Amino acid sequence: MFLSTAGTTKLHEARDSWHSGWWITKIFMGIGLMVLPFFIPNKFIEVYGEVAHFGAGVFLLIQLISIISFITWLNDCCRSEKYSERCYIQVTLLSLAAYIVCITGIILMYIWYAPELTCVRNIFFITMTLVLLHLMTSVSLHTKINAGFLTPGLMGLYIVYICWCALRSEPPTEFCNKKAEAAQKEDWLTVISFVIAVLAMVIATFSTGIDSKSFQFRKNEAQSEDDVPYGYGFFHFVFATGAMYFAMLFIGWNSHQTMKKWTIDVGWASCWVRIVNEWLAACVYIWMLVAPLVWKKRETVEST
């Protein structure tokens, strides 16, 4: 779908019709493509598994940029002259709630995943999350940036959630992760949580796929009425990398380990992928705050 729709610019052309129609054909093709892997050599699946590691990382990066762009857009909208006075109370309450949830989540992670001082690794992960939250807030409140409390609060929710997912991905045999061992016994709860996670991921993938404007370098180009509303190729590229991400969840980001029954996204590889994703999220957010000052200073130096 990516190869056949990449570069589509106008509505009512053949590739536009292929993107939004031909559902009977796509259904039969989908069924065929689900059956096909059972008949192709295992070597091909192994090669796809190696490619999927890279594709899943690309998906996480795309989703991260999309989330930060949305948070930044929401903050700019609430701080604009049109809505600043009208949304002041709502923004204050939302920011306060975000920080309360962040601190509560960090405290609960200390209780659940660092019950003893010997849980050095988990204590480090959780403490780093607290440090990153403080760092993002400090940069956002700097006098030269003055981005307020809303964006670091929402980003704090994001990194706290990622840290929690990372700790849950630790093998249940770990002494510091007894909650995962208890959760494995509740098979029905695992299934329900997996279904909810799948639905949430599909929604996130769809919203990211149609948000191609966040990844354009030239955003001021005028659009005509017959232009496509979003990049079709980018939409299918995001879904392809999202499928690779799901593949990595099923095997715990390690194609050489055997997953136990009723487990998904469990293993040290999964844990470290989440942690690196959390640190990268904080770094990208801070860079998006600092970058305008850096470019402005560089332009000033070059002009003088």
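Just so it is clear, glycine is given a Cβ too, placed from its N, Cα and C backbone atoms.
Curation does not apply to TrEMBL; its annotations are automatic.
Features reported for this protein in TrEMBL:
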type	residues	note
TRANSMEM	20-39	transmembrane segment
TRANSMEM	51-73	transmembrane segment
TRANSMEM	88-111	transmembrane segment
TRANSMEM	123-141	transmembrane segment
TRANSMEM	147-167	transmembrane segment
TRANSMEM	188-210	transmembrane segment
TRANSMEM	230-254	transmembrane segment
TRANSMEM	275-295	transmembrane segment
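Residues 102, 106, 109-110, 113-114, 117, 147-149, 151-153, 155-156, 159-160, 163, 166-167, 275, 278-279, 282, 285-286, 289-290 of the same chain lie 6 or more positions beyond the ends of the transmembrane segment (123-141) yet place their CB under 8 Å from a CB of it. If one looks beyond the transmembrane segment (275-295) by at least 6 residues along the same chain, the residues whose Cβ comes under 8 Å of a Cβ in the stretch are 60-61, 64-65, 68, 72, 125, 128-129, 132, 135-136, 139-140, 144-145, 147, 151-152, 155, 158-159, 162-163, 166. Looking at 20-39, 88-111, 230-254, the range that has the most CB pairs within less than 8 A of the transmembrane segment (51-73) turns out to be 230-254. Long-range neighbours of the transmembrane segment (20-39) within the same chain, counting only residues 6 or more positions beyond its ends whose Cβ lies under 8 Å from a Cβ of the stretch, are 45. Long-range contacts of the transmembrane segment (88-111) within the same chain, counting only residues at least 6 positions beyond its ends with a Cβ under 8 Å from a Cβ of the stretch, are 78-79, 122-123, 126, 129-130, 133, 148-150, 153-154, 156-157, 160-161, 163-164, 167.
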